[in-house]
Amino acid sequence: MNLLCADPSSSSLVACQSRSRERHALHMPGTGAPLAPFLVATLKRAARLRCGEQLHALASKSGLLASNAFVRNSVLAFYARLPPSLASAHQLFDETPPPLRDAVARNTLLAALARAGHLDRVQHLLEEMPRSHRDAVSYTTVVTALARAGHAGRAVAVFRCMLAEDIIPNEVTLAGVVMAFARHGALATVGVAHGVALRWGLDGFVIVATNLIHAYAGVSELRCAHAVFDEMLDRNTVTWNALLNGYVKAGMMEMAADVFWRIPERDEVSWHTMIDGYIRADLILDALKAYAHMVGEVDANGNETLLVDLVKACARYSAITEGQQLHSVILKNGFDAHAFVQATLINFYGCCGLIGLAQMQFRLSDKSHLASWNALLAGVLRRGLMHEARQLFEDMPERDVISWSTLISGYVLNGCSDMALQLFFSMLNAGFEPNEITLASAVSAVAESGTLDQGRWIHDYIINRSIRVTDNLSAGLIDMYAKCGSITDALQLFNHASDKFSSISPWNAMICSLAVHGYVHMSLDLFSHLQRTDIKPNSITFIGVLNSCCHTGMVTEGKQHFESMRQFGIQPTIKHYGCMVDLLGRAGYLEEAEQLVAKMPMKADNVIWGSILSAARAHGNVGLGEKAAEELAKLDQAHGASKVALSNIYAYAGRWVNVSVVRKELKDENLERQSGSSGIV
């Protein structure tokens with residue numbers, strides 16, 4: 001007797017048979033194994049859309065899709081994993097009966113939409129969720145997606161809604177939120193996350209504290225980062241590296257070194273970060289020493305990126321021996337197969353003036369990569385080999401904007417401004433769009449050649465093409481107009497864009513141009529205005545300022561500006577001392593000028609002694625004139641002009657015997673002034 005069918009009526013038999021078929025449908029054919037676990041497990045492993053669609057069909061046919069939340073959510077998760085099938089995931093979710101549309105289903109679709117970047121739909125779906133379905137996972141998905149996309153404000157607003165609903169994040173959730181804020185946040189957003197960590201006692205977790213250090217360092221709040229670090233009871237190497245990276249990116253290399261040498265177990269990331277910091281700070285010897293130490297401590301040679309950065313640093317400082325040693329390491333590790341490594345090596349030898357080795361490296365390189373051609377072209381131009389450079393340019397299988405810019409810049413640097421402009425216009429005719437370097441070189445060529453009409457054309461080209469004018473390009477245009485004699489255009493350009501400048505270069509160009517054109521009071525007024533901005537003056541700024549003081553005889557102001565340089569952390573160079581000596585000499589403070597020369601931390605050059613000699617002649621100081629002429633003779637045996645000036649000093653003083661002696665020396669040494677002549681007949 002069938003215990004499941006106690007009623008022998010026909011209707012009961014039919015119902016019994018139906019239930020039997022359902023039970024068979026819910027098991028794997030031929031095995032008797034339950035179908036639901038099989039579908040869930042297989043959908044997790046499925047990687048192809050066709051396979052997932054077949055499993056979807058099987059779930060639908062068996063009735064599990066409509067009745068089993070686990071199976072339905074597994075199908076939804078499969079579609080959500082594959083970006084091309086996001087629409088299928090959304091359709092399945094929309095067709096899901098309310099009883100099966102649980103928190104798992106909603107969070108699955110939420111994550112898929114977030115990965116696809118549909119931020120408005122993500123936020124809308126979160127808002128539509130029943131309060132009982134919104135949890136830490138939901139909010140973390142939305143906040144992280146918004147923050148990573150740069151919508152820090154919206155991310156903070158959603159995060160605050162999460163807190164308002166008393167949803168408590170765990171350490172993993174908060175760590176993810178902190179890192180999202182760190183990528184695109186500000187101090188306020190990081191502070192919110194830190195406050196939550198303190199409130200819920202999550203700041204003690206290493207992952208949360210480490211990410212807070214990253215975040216604070218990312219918004220340049222290193223004191224806060226270090227405070228979090230100091231409060232940690234447990235730290236790992238990632239934590240130490242986070243703090244180290246913060247100091248390195250801020251350029252605080254002394255603090256970075258202090259942290260670095262206290263790391264209990266330095267890994268390759270620690271070493272790479274420290275070496276990169278030294279390179280950024282132009283502390284090349286420290287970078288090379290650290291690299292040698294790394295090789296000995298962790299028995300690693302570094303990756304190709306680190307080695308390329310080190311070779312580039314050696315190129316800047318012509319550190320030939322060290323660069324060649326790094327070349328050997330590159331060869332040993334097989335990194336020379338990479339095109340960017342080959343180009344770096346060619347550039348290194350070119351920068352060091354070893355053109356033969358640069359050419360040999362070029363012959364060994366993959367010539368299908370344009371970077372190698374451009375690197376060799378730059379090296380040849382540095383040696384002033386203009387004919388060879390042009391031939392190499394013509395031999396290139398193809399050219400890019402870097403090729404054109406390199407040759408144009410080379411012409412300018414080697415005094416061939418006309419050729420540079422000719423090549424610039426050829427580049428435009430060839431259909432290439434110039435970049436900032438190209439335009440800056442062209443503008444510089446105009447400044448040297450004085451062809452104002454061409455300069456105006458280039459400026460109009462920049463405006464008409466809506467090309468972004470950087471600070472460096474602005475400085476070049478100001479300098480161009482000033483050198484072409486149009487100080488009005490230079491001022492107009494500066495005044496129009498001064499509120500957009502973020503660096504000192506355009507200010508320097510305008511201050512120096514005004515000084516050269518004799519508008520010294522305007523130059524000094526502009527310097528005063530600069531000091532009311534957030535932009536700090538540099539060494540070049542003070543050369544312009546001191547020149548202005550020199551032209552107007554403003555000795556007191558000149559001294560004040562000279563002394564103020566140290567307040568800005570600027571050490572006076574020989575050019576600054578030269579300006580001060582000239583200023584004092586012109587004003588008749590000869591003894592003070594001589595004392596300043598004696599106190600200089602470097603030896604005076606012929607420019608400074610020439611200023612002393614001119615001042616001595618102007619003020620009739622024979623003794624000082626003799627000393628200056630003597631020093632000039634030591635620096636340049638063939639300096640006939642100094643002896644002529646000394647002869648004039650003797651003449652003004654009525655010391656004709658000395659005049660005769662000096663003129664005889666000039667004649668004996670064949671240094672007498674040539675008679676003037678004119679080309680007009």
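Placement of Cβ uses the backbone N, Cα and C atoms for every residue, glycine included.
Record features, source TrEMBL:
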type: REPEAT; residues: 102-132; note: repeat 'PPR'
type: REPEAT; residues: 135-169; note: repeat 'PPR'
type: REPEAT; residues: 236-270; note: repeat 'PPR'
type: REPEAT; residues: 369-399; note: repeat 'PPR'
type: REPEAT; residues: 400-434; note: repeat 'PPR'
type: REPEAT; residues: 503-537; note: repeat 'PPR'
type: REPEAT; residues: 538-572; note: repeat 'PPR'
From the DSSP assignment alone, can you count helix, strand and coil residues within the repeat 'PPR' (538-572)?
28 helix, 0 strand, 7 coil
Quick test of the contact rule: Cβ under 8 Å, at least six residues beyond the ends. What residues does that give for the repeat 'PPR' (503-537)?
471-472, 474-476, 478-479, 482-483, 487, 490-491, 494, 497, 543-545, 547-549, 551-552, 554, 557, 568, 570
DSSP residue counts for the repeat 'PPR' (102-132), split into helix, strand and coil:
24 helix, 0 strand, 7 coil
